[in-house]
Amino acid sequence: MGARASVLSGKKLDSWEKIRLRPGGNKKYRLKHLVWASRELEKFTLNPGLLETAEGCQQILGQLQPALQTGTEELRSLYNTVAVLYCVHQRIDVKDTKEALNKIEEMQNKNKQRTQQAAANTGSSQNYPIVQNAQGQPVHQALSPRTLNAWVKVVEDKAFSPEVIPMFSALSEGATPQDLNMMLNVVGGHQAAMQMLKDTINEEAAEWDRLHPVHAGPIPPGQMREPRGSDIAGTTSTVQEQIGWMTGNPPIPVGDIYRRWIILGLNKIVRMYSPVSILDIRQGPKEPFRDYVDRFFKTLRAEQATQDVKNWMTETLLVQNANPDCKSILRALGPGATLEEMMTACQGVGGPGHKARVLAEAMSQVQQTSIMMQRGNFRGPRRIKCFNCGKEGHLAKNCRAPRKKGCWKCGKEGHQMKDCTERQANFLGKIWPSNKGRPGNFPQSRPEPTAPPAEIFGMGEKMTSPAKQELKDREQTPLVSLKSLFGNDPLSQ
């Protein structure tokens, strides 16, 4: 404890033990608070020896302050303790922790105003990563570990998907070739992809050397040499030379040129990691239109084509590769429809509501077809009539009226319409009276006589005259038989 408590001694220790923890409270700071602060700094991988000086306390405050909004109570207590200790080192008279925090805030505001005033006096902004020093000279500021960590995390999570390219562009804005090489070197995996990227960079560097040959003769005094392809790639140039080219008059943006080469190589890598062609993106039968559009544009980002070609793909393939339901809707909108109009029109296609509507339309068409098939003598469609209620326009199976009892044809009970014999005709067109025996198109059950009647031989009966016999034959209706129909048919003999 002695080594940890040796941060303060003498008058500084007396001043430390007079400061209260809270305004109006009884508890005051003791040596145990210094011991606790040293242990907490070790947990945050900070050097406890920084507590011995005011500059060290200021560095600790700068590291802890960004995490105060989301930090724990222990982190806030550590920040408060270091703030009070800084006031003790600077011999700033404070009575409690709150007053010390106010002093720290005032000091930070003054420093911020001084920095802004200095930037205004120099007349130039401090653009990252090349900033102006106190003498107004451009100096290089290396990429922060947070930026490098964000880049590595994107590569590990996305595995060179299309969104890696805009992320790289955002993180490498204004970077020097040395910064760009650092971003490429921190990528641990995907070495095959990184080798492809190096090959692309070498090809572009060779093309640069071919288009920008070296001028013969010595370099004039005060001027810089022209950058070669390897200089732009950062392999044969120093940071000072890169800054000189980027800030010269006229400037040579070696950082932007190198970044453009890297993006070109990343496009090839993304194309390799995304083997699906835009021509293969088709909407599934039950896939929502929104998900289909998301897959379409994600694949479109990986296509190696100009913006005009991508616009043509969007206007043509987006409609052409949609499912039949969405395609009919999109074609009805016309060629000038926007994506918002397409998304709105196809919203809900494939869902329960759309399925029910399509099923209802299909059933309506089937019912209409069955109605059209009910024709009279093939003269055209006619209105159907319900056998239950007698009204036109619907069938008996769809009738809402109470079910009618008995036969729908004759109105009598005891049988159904299919068994009704009321005015039923045979194929000869003759009405079959159900109460007069069998129909005439059936073979007659009465056998034909083989001998003449008894009246002819005069067995006690009186002979009838031919006139009376003819009148009797006229009154008696002849029976219809198949024999009378077919005449001398040999099969009927």
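Backbone N, Cα and C define each Cβ position, glycine as well.
When Swiss-Prot is compared with the stretches 9-26, 405-422, 459-476, the one noted as zinc finger is 405-422. Note on Swiss-Prot: of 185-223, 224-262, the range annotated with the feature region 'Interaction with host PPIA/CYPA and NUP153' is 185-223.
Using a Cβ-Cβ cut-off under 8 Å and counting only residues 6 or more beyond its ends in the same chain, the region 'Interaction with host AP3D1' (12-19) has close neighbours at 28-31, 34, 84-85, 88-89, 91, 94-97, 100.
In this structure the C-alpha atoms belonging to ARG403 (asymmetric dimethylarginine) and SER144 (phosphoserine) are separated by 86 Å. With a threshold of 8 Å between CB atoms, the same-chain residues lying at least 6 positions outside the region 'Interaction with membrane phosphatidylinositol 4,5-bisphosphate' (73-77) that come near it are 40, 64, 67. Other Cβ atoms within 10 Å of the Cβ of ARG403 (asymmetric dimethylarginine) number 8 in total over all chains. Across the region 'Interaction with host AP3D1' (12-19), the prediction's mean pLDDT works out to 88.
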